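J.: Got a structure for you, written out below as structure tokens; questions coming shortly.
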């Protein structure tokens with residue numbers, strides 16, 4: 001008999017995990033709605049022509065490809081087949097693949113439905129994606145992404161609102177965070193003024209190490225990457241950039257005064273910080289020049305959220321991009337978006353034990369089943385209790401009390417209602433608090449009142 | 001430039017469709033929670049060894065199979081390859097497939113997690129499934145299933161609660177329904193007393209036509225299926241079965257008096273109807289002997305829900321089964337379950353226009369953007385409005401009024417807030433009702449009050 005298992009890198013979600021995940025997604029969903037974002041969903045399977053070539057050569061290999069149903073060998077010659085080249089074979093034998101992220105399907109959606117969409121289009125999407133990555137701790141082959149984007153508007157007010165959304169979501173979770181901000185144009189400006197446009201990644205990587213290895217070693221690393229002394233000299237005020245966001249901006253304005261692009265980046269950042277100052281923000285906001293995620297993709301603002309009380313990578317990230325849909329023949333659709341890291345947020349909430357009471361929607365009350373007569377007595381009572389919105393169960397069988405109490409324990413049901421001969425005669429309910437063991441005799445109305 | 005499209009038989013869900021689907025799923029979810037059901041999720045991809053052989057030969061062909069990443073030709077000889085037999089090739093080149101329903105993954109889940117589960121296990125699951133069926137109107141290759149099951153309990157109270165759940169869900173939707181009930185044991189009993197156990201499907205199909213073709217033609221059809229006159233004679237009271245559920249049960253008790261199995265089925269039905277009479281049920285309940293869905297699978301109660309005000313197939317169905325998990329080496333797990341037909345419920349709610357106001361979570365209020373100064377004035381006001389839970393947008397750009405109002409129209413936003421020079425000076429908001437065109441000057445507090 002086969003012993004069942006699931007593919008490596010995939011997960012089952014138990015009732016408790018699902019309740020926690022629903023709490024996370026519902027909280028994010030509510031905040032998105034509050035800001036006028038609308039949900040869409042796209043199919044798990046996309047045409048491979050939509051997906052291929054969008055994630056680099058490596059990405060093409062990491063796509064899960066679906067063998068054509070019917071005759072998968074149609075149109076493949078014997079010679080081609082005997083080549084046994086997986087990618088070339090797949091190109092003919094597979095028309096469809098599983099989505100690899102939510103960005104490409106979103107771009108495809110925007111182009112395909114351009115005539116139904118009223119721009120600016122604020123959409124969010126919460127769906128699983130699949131990657132044939134080597135599974136390892138914290139990295140799965142199936143995982144949920146949770147993206148929000150505004151496309152079709154260049155206004156920086158969108159950036160401001162994204163910051164507000166991040167702030168509100170993590171406030172609701174009770175997670176203290178720092179929202180780090182940067183701007184691609186500032187990074188371009190820095191590369192411009194030191195004349196080393198192609199070294200921008202090396203530079204940010206080196207600057208990022210300042211706290212750990214100290215200034216001398218950072219400069220040494222820059223030298224080892226081939227940066228001339230003059231460029232390193234010019235970089236000093238940027239490496240040592242310190243103080244409040246306003247002080248950093250003042251320094252950058254000076255240092256980047258010769259770069260039009262750089263100054264534009266500073267002005268954008270300045271604008272966003274000014275506007276956000278008119279709203280009640282609880283997160284720390286920090287200008288961080290080492291923030292360079294998705295450098296080839298982002299063209300303006302770059303965001304990242306770090307949890308302050310847990311050691312973990314970024315739990316949310318995003319930025320502004322140009323030309324989302326150019327690859328599908330629709331030019332001029334720029335936007336700004338971000339992605340909540342659901343798995344990491346799940347870990348942070350677990351570590352800090354931040355799930356609010358009641359958020360997990362477990363059963364609140366179990367009625368013990370003593371048999372036929374009691375069942376008939378209880379059915380209308382239970383209907384009343386449920387009508388009051390109390391999540392209630394009747395144990396389906398009149399088995400031993402111990403077994404029924406064990407069920408309540410295992411399911412973490414906080415209250416058990418015991419109605420035997422005596423209680424029936426008095427038309428009362430013996431309500432047992434499973435945590436304290438305390439028992440109280442109440443009427444059905446009093447019971448409902450208690451919850 | 002490629003014109004993007006999605007695989008045939010799949011769908012994008014637009015914001016409006018998503019809002020409606022969320023309303024449907026959330027309603028079902030809430031009722032499940034009220035009855036102590038817990039959600040689980042399983043991976044989209046299962047090992048093909050889990051899926052193959054579970055849905056018959058045809059089902060094996062309709063599974064979407066995922067080409068092994070890396071070298072899909074590993075372990076395949078040249079001879080095997082040149083056979084070009086799709087199924088045999090897939091057996092070696094594909095380890096994984098997309099789930100075909102939620103029942104087999106659930107059975108696999110129960111076996112795999114048997115030590116963590118406290119039985120009776122009440123689980124629900126709302127996830128997409130994939131079938132390589134020929135797409136046609138109303139039949140998709142990707143569609144959501146929404147299943148609820150109680151396993152590990154033989155008590156008929158579970159059947160009673162499933163009926164209550166169906167009743168409550170459709171009551172909340174405002175859909176008037178008839179819940180049809182039958183019992184596999186009654187059908188077995190009928191076959192037994194007429195000595196034609198293998199003809200039970202032919203018999204139910206024929207009986208089902210009574211209203212349309214009349215008694216003579218039903219009997220003629222039974223004859224043509226090879227039923228002897230004596231059997232047809234015995235079937236007459238069953239074909240003509242009429243009256244209330246209680247009258248039908250009385251007749252069946254008589255007719256089936258010689259069949260132990262048949263009488264057991266009648267007793268089960270009788271018990272369920274008796275218990276349900278102690279709860280407030282709004283749906284019609286009808287004993288329908290022609291109900292035979294999943295005949296090879298169900299062993300006791302059989303359910304089906306029909307909408308009374310729309311011509312459409314069943315919108316929910318289910319029943320009791322034995323031995324859910326035997327195929328995975330775990331015996332003795334029986335249960336009862338059902339499946340809400342999400343796509344059909346969607347169609348019924350659309351046709352009857354039953355979505356309650358507010359259920360679609362659209363933006364409630366749009367602030368017009370007149371420029372820099374106004375933006376700064378509005379940001380703290382909008383934060384206040386959102387804090388009050390009102391779904392609010394600020395148009396991100398200070399473009400023409402007409403464009404901004406057009407956006408509100410397209411997104412069906414019911415109220416627009418206009419704050420120009422004058423309103424700012426007075427610290428008021430000009431609130432426009434987009435339906436009536438009526439405009440009112442209000443303070444921020446009055447505005448919040450209105451929603």
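Numbers here mean position along the shown chain, with the first residue as 1.
Note: Cβ is positioned from N, Cα and C throughout, glycine not excepted.
Copying in the features that TrEMBL gives for the protein in this structure:
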- B:101, B:102, B:103, B:131, B:145, B:149, B:293, B:297, B:298: L-histidine binding site (BINDING)
- B:1-380: domain 'Aminoacyl-transfer RNA synthetases class-II family profile' (DOMAIN)
J.: Using a Cβ cut-off under 8 Å and a sequence separation of 6 or more, which residues in the same chain sit near residue B:101 (L-histidine binding site)?
T.: B:55, B:129, B:145
J.: Tell me the coarse DSSP state (helix, strand, coil) of residue B:101 (L-histidine binding site).
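T.: The residue in question, residue B:101 (L-histidine binding site), is coil (DSSP, three-state).
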J.: Within 10 Å of the Cβ of residue B:145 (L-histidine binding site), how many other Cβ atoms can you find? Include all protein chains, please.
T.: 19
J.: Let me know the model's mean pLDDT on the domain 'Aminoacyl-transfer RNA synthetases class-II family profile' (B:1-380).
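T.: The predicted confidence over the domain 'Aminoacyl-transfer RNA synthetases class-II family profile' (B:1-380), as a mean pLDDT, is 93.
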J.: I need the least crowded one of these binding-site residues (B:103, B:298), counting other C-beta atoms within 10 angstroms of each C-beta.
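T.: Among the binding-site residues B:103, B:298, the lowest count of other Cβ atoms within 10 Å belongs to B:103.
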